[in-house]
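Enquirer: Annotated domain 'Cupin type-1' per TrEMBL: 18-166, in sequence order. Under the heading oxalate binding site, TrEMBL lists 63, 68, 73. Residues or ranges marked as Mn(2+) binding site by TrEMBL: 66, 68, 73, 112.
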């Protein structure tokens, strides 16, 4: 079993989801929101190996650096334009501005991001080759872990002071 049991009784509602149809509010710290359409919202995706998400961005909005440990991603811009990129395992940044109707691919497990550097809102649809791709936000994982990563580790790794570590932690918790 892959973590989700098959349902003995099901209906058409287990195979549909309207949550990607409507833009979601982006009035948060990062100016973006991701709405997932994976097996947790659509039980009928169980064992199919696919899922989707809608991304909405305010001007300046960021989908912070993160990874999907269980799936690759293809991003399609519905309207607006995004600067998108990923970092290879050789620490090479691969990035491009993608416009309405264009796609950009993010390989499984690689750190990647999107930012709206334009003046208007942006919406995009992501497709994944996993029913539950997962997501790990890099900054949150490092600076808001429970129990916390020792300040000495973060200070040395990022070559910043303990006070700077504490300032970052206070913004993420």
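From the backbone N, Cα and C atoms, a Cβ is placed for every residue, glycine too.
Note: TrEMBL annotation is automatic and uncurated.
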Enquirer: With the oxalate site defined by 63, 68, 73, which remaining residues of that chain have Cβ atoms positioned within 8 Å of the Cβ centroid?
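Expert: Not counting the recorded site residues, we get 34, 53, 66, 67, 75, 106, 112, 126, 128, 133, 135.
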Enquirer: Around the Mn(2+) site formed by 66, 68, 73, 112, list the extra residues of the same chain whose Cβ is within 8 Å of the site's Cβ centroid.
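Expert: Near the Mn(2+) site, beyond 66, 68, 73, 112, sit 67, 86, 106, 110, 111, 133, 135.
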Enquirer: At the Cα level, what's the spacing in Å between residue 63 (oxalate binding site) and residue 112 (Mn(2+) binding site), rounded?
Expert: 9
Enquirer: Can you tell me the CA-to-CA distance separating residue 66 (Mn(2+) binding site) and residue 73 (oxalate binding site), as a whole number of Å?
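Expert: Between the Cα atoms of residue 66 (Mn(2+) binding site) and residue 73 (oxalate binding site), the distance comes to 12 Å.
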Enquirer: Cα-Cα, whole number of Å: residue 68 (oxalate binding site) versus residue 112 (Mn(2+) binding site)?
Expert: 9
Enquirer: May I ask for the distance between residue 112 (Mn(2+) binding site) and residue 73 (oxalate binding site), taken between their Cα atoms and rounded to an integer number of Å?
Expert: 10
Enquirer: Within a 10 Å radius of its Cβ, which of these binding-site residues (66, 68, 112) has the fewest neighbouring Cβ atoms?
Expert: 66
Enquirer: Just counting, how many other CB atoms are there within 10 A of the CB of residue 73 (oxalate binding site)?
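Expert: Total other Cβ atoms inside 10 Å, all chains included: 22.
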